[in-house]
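Trainee: Pasting a structure here, questions to come.
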Amino acid sequence: MRIVADENIPLLDAFFAGFGEIRRLPGRSIDRAAVADADVLLVRSVTPVTREMLEGSPVRFVGTCTIGTDHLDLAYFQDAAIQWSSAPGCNARGVVDYVLGSLLTLAEIEGVDLRQRTYGVVGAGQVGGRLIAVLKALGWKVLVCDPPRQSAEGGDFVSLDEILQRCDVISLHTPLDKSGQSPTWHLLDEARLRQLRQGAWLINASRGAVVDNRALHDVMLEREDLQAVLDVWEGEPQVNVALADLCVIGTPHIAGYSLDGRQRGTAQIYQALCTFLDQPAAISLADLLPTPWLAQVSLDAATDPQWALNMLCRGVYDPRRDDADFRRSLTGDTASQRLAFDALRKHYPPRREIEGLKVHLEGESDTLTQLIRALGAVRV
């Protein structure tokens, strides 16, 4: 079996060497010629997989080690009887850690109490749903907008306009869809961006084009009260540098780049390929993940809960380092910036997740116990 794979997919050999020959390529370089003799194609979101790429090739399985599928021509896959799989939820915890770290940074800069803010989550899928659960477990007020789920389930959802009018913090977690009943391309266009309430914080860790980047730049120039955290950008790997300069935090599409999440995505595609080939999965991710450098922390029952929240979250992941690295990359000409964007992702340092962190609590505190549980950590 011949496998063509994005060279940045982790644990390629560990999971796929047993299937046959692996040819590694930069994700943006995978094209029709690269898959001309491939049976299996393994990609990330940077590789558009289209009819033009695959037609006439022997490829019968496509796996993307990401949660999104907007880079896959699923209609063609169905017509051509090509089996495919994504990795839903693989990086959800990493994105939640990113959002929490960003919120704590913003709160520190603005001098506000996160418990007093109203949060609007747009998109309640794998990532958004996880964030909603954590925010509610912390006891914070959350409004949710998800038109597809509202149509299918009913329930306690609100409109996007209500989110814009009522929420101090808006976090976007939608797929990118240019058509259908609920398109998300430029979901936040200039008109909607101008509806943001006074002092609002906008976080986008979904897809760059969910927000009209040019319009956001223009609105932020006019409204100094707004704050933005952007991990995704229209036109990646090119970035609107003028917009990045206006953001409190800017990063190169790494919100979900935890070591756990990236390797989890590879494991999910491995399991899907095993199912496609009708053979048992012989490799477990649990056997491959290294021990985290911060495996356990200790708290006293008298610890201030807000200090504990800050320590647990930013002790595991603090987005300010990624922001600093990103800003240093926004120099030189356009070509240099594009190369630097991809290099930051390719050489991203290992980062673990809060989930599973062991916390020893000396004494009893219902508030701290609830906090530990809300973050997905484990009291020991």
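Every residue, even glycine, has its Cβ placed from backbone N, Cα and C.
As listed in Swiss-Prot for this protein:
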type     : residues                                             : note
BINDING  : S45, T66, Y257                                       : substrate binding site
BINDING  : Q126, V127, D146, T174, A205, S206, R207, D231, G256 : NAD(+) binding site
ACT_SITE : R207                                                 : active site
ACT_SITE : E236                                                 : active site
ACT_SITE : H253                                                 : active site, proton donor
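Context for these features, please: burial, neighbours, distances.
Mentor: In the three-state DSSP assignment, the secondary structure recorded for S45 (substrate binding site) is coil.
In sequence order, G68, D70, T174, P175, L176, T184, V232 are the residues near R207 (NAD(+) binding site), counting only same-chain partners six or more apart with C-beta under 8 A.
In the three-state DSSP classification, R207 (NAD(+) binding site) falls within coil.
Here the Cβ of E236 (active site) has 18 other Cβ atoms within 10 Å, regardless of which shown protein chain they belong to.
Its Cβ placed at the centre, H253 (active site, proton donor) has 23 other Cβ atoms within 10 Å.
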Trainee: Determine, to the nearest whole angstrom, how far the Cα atom of E236 (active site) is from the Cα atom of H253 (active site, proton donor).
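Mentor: Taking the Cα atoms only, E236 (active site) lies 9 Å from H253 (active site, proton donor).
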Trainee: By the count of other Cβ atoms within 10 Å, pick out the sparsest of the binding-site residues S45, T66, Q126.
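Mentor: Among the binding-site residues S45, T66, Q126, the sparsest Cβ neighbourhood within 10 Å belongs to Q126.
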Trainee: I want to check the contact list for G256 (NAD(+) binding site): same chain, sequence separation of six or more, C-beta distance under 8 angstroms. What comes out?
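Mentor: The list for G256 (NAD(+) binding site) reads I67, C90, N91, A92, G94, V95, Y98, V127, A205, R262, given in order along the sequence.
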Trainee: Here are some binding-site residues: D146, A205. Which one has the most Cβ atoms within 10 Å of its Cβ?
Mentor: A205
